[in-house]
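Features reported for this protein in TrEMBL:
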BINDING   Lys314, Asp319, Asp337, Glu398  Mn(2+) 2 binding site
BINDING   Asp319, Asp396, Glu398  Mn(2+) 1 binding site
ACT_SITE  Lys326  active site
DOMAIN    394-401  domain 'Cytosol aminopeptidase'
ACT_SITE  Arg400  active site
Amino acid sequence: MSNSKDVAQEAAKSSRASISEFSVKRFVSPGGIAREGADCLVVGVFSDGPQSEAVRALDRATRGVIGRHLARGDLPAEPGATLMLHNLMGISAPRALLVSLGAGAPLSERLLGTVVTAAWKCVCRASITQVVWALVPTGVWPAGDADIVRRTVIALRSLAYRFDGYACISPPAPPAPARIIFALTDGVAAAAIDAVREGVAIADGMALARDLGNAAANVCTPAYLADRAKALRLLPNVDVQILSHSEMARLGMGGILAVARGSSQLPKFIVVHYRGKPISPPTRKRKRAGDGDAATAADDIVGESTRPVVLIGKGVTFDSGGISLKPGEAMDEMKFDMCGAAAVLGALHSAATLALPIDVIALVPAAENMPSGTAYKPGDVVTTLSGKTVEVLNTDAEGRLLLCDALTYAERFQPSAVVDVATLTGACVMTLGHHRSGLFSSNDVLAQALEKAGDATGDVVWRLPLDAPYDEMLKSSVADMTNLGGRLAGAITAACFLGRFATGFPWAHLDVAGTASKGGPEKGATGRPVPLLVAFLLSRCGDSLTPEPDRRSRRR
């Protein structure tokens, strides 16, 4: 087994975001980029209506060359179309890349992804080292200019990410710019500097999550996951504790131990504690008569900033289904069943990198779910850490057995909020597809905070219900509950199961089965929901990714 230092070095090598530097450069006016001597200027162009001040300034500097190209239709109107111009008189950079933004403001999330990807591919093909980035004009992004910088940093680092895998000869890395300079005017440059820092930290957390998720199942075992978690000790104010099989048995973690019984790989229970400096608690909101659960939620959430936030990640490093064996097709993708664990470790990495003034604890129950003569089986009754008993109807509903013990363990930290993240159900994929993660919560204030964090980062969620009739589907004749609620509403009944163990603290569950990874030709981990989790933690510090005033009507 490798030690934590070796694993840290491996982690550093496997994080393959090739952009080494992002920076912000202040200009008195957007037209100042004409005198910037980078290898390439990247400028967004509208297909309809007035152009931004930057485009107009470049047109003046080139004595109308830009305008003549646009008038001739050399740049198609389709969003993401590109036109690379070389050695223009009046522009210091040897190249200017024009990228079509379509008809105009406001830009959508999807369109932003299209134009950033198109620009990135074009500069990579040209083997460009240093880029001045003025793709989205000031004032046209609904959430503000700092937000567009943050999202662009995350998008570019994600595009640059590579996981070389285990081939004897890895393909050469495609050329990528080493430095991206955001060209901004004085009014927005200061906020953009913080946005770059946040974007890089989020992207690094996503890269860690993707590295862990993409690792082969025979490599990323529970022990390996524990070693990679230990490497987080190298970050400031981070402590790591690993509970062994015997320690879990002594505590009575029957859910985790039942799932792990069929595998030769021993389970691990990973506790990572980032100790940020707590901020002063804000004024507590009190419940008013008749407010019910929503007011209780507000009372629990607001003013609890000195207590830790606990993030729990499902860490099934390979899920065969156990005795209730899965179909063989695409079973290789069950290595991604630990992407919840990868996400919470990535989010904690980001929080420590940003030195957030908040305590964050990541809990990862890690195990393999395998069939064997010692495996747990349908009909078994499992006693969990809480003392509650579970009748096993299907061994492929194993993630909730890991998570229920982790939820009970979280009580000892007296958390201000607990969010569990899990690739829990195929039913959630059938319901929401691959765009939104499923959100379940017994606490309206916490749910709204997570929804806002998702909207602020594009890592979006959709809240689903936890009504009593769904919970009743878990009734058992021999135990406190079953681990499966039947064929209908599978994502909801799974969340209801977890809710039975989430007592004494505000709790939310994110089902990321459809968003944490991709299958098929693009198979790989996505790094979601790290952006959402980091934005949520920022909001707990009073430093949320708040949209700037809406200036969508102006182009500058």
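The backbone N, Cα and C atoms fix where each Cβ goes, glycine too.
Automatic, uncurated: that is what TrEMBL annotation is.
Within 8 A of the CB centroid of the Mn(2+) 1 site residues Asp319, Asp396, Glu398, the other residues of that chain are Val259, Val316, Ser320, Gly321, Gly322, Ser324, Lys326, Asp337, Asn369, Thr395, Ala397, Gly399. Looking at Asp319, Glu398, the binding-site residues in this record, the fewest other C-beta atoms within 10 angstroms of the C-beta turn up around Asp319. Under DSSP, Asp319 (Mn(2+) 2 binding site) is assigned to a strand (E or B) in the three-state scheme. Compared over the binding-site residues Asp337, Asp396, the count of CB atoms lying within 10 A of a residue's CB peaks at Asp337. In the domain 'Cytosol aminopeptidase' (394-401), the DSSP tally of helix, strand and coil residues is 3 helix, 0 strand, 5 coil. Across the structure, Arg400 (active site) and Lys314 (Mn(2+) 2 binding site) are spaced 8 Å apart at their Cα atoms.
Other residues of the same chain near the Mn(2+) 2 site, with their Cβ within 8 Å of the Cβ centroid of Lys314, Asp319, Asp337, Glu398, are Val259, Gly315, Val316, Met334, Met338, Asn369, Gly399, Leu402, Ala422, Thr423. Between Lys326 (active site) and Asp396 (Mn(2+) 1 binding site), the C-alpha separation comes to 8 Å.
Across the domain 'Cytosol aminopeptidase' (394-401), the model assigns an average pLDDT of 99. Distance from the CA of Asp396 (Mn(2+) 1 binding site) to the CA of Lys314 (Mn(2+) 2 binding site) is 14 Å.
Among the listed recorded positions, namely Lys314, Lys326, Arg400, the Cβ with the most fellow Cβ atoms inside 10 Å is that of Lys314. Rounded to a whole number, the distance between the Cα atoms of Asp319 (Mn(2+) 2 binding site) and Asp396 (Mn(2+) 1 binding site) is 8 Å.
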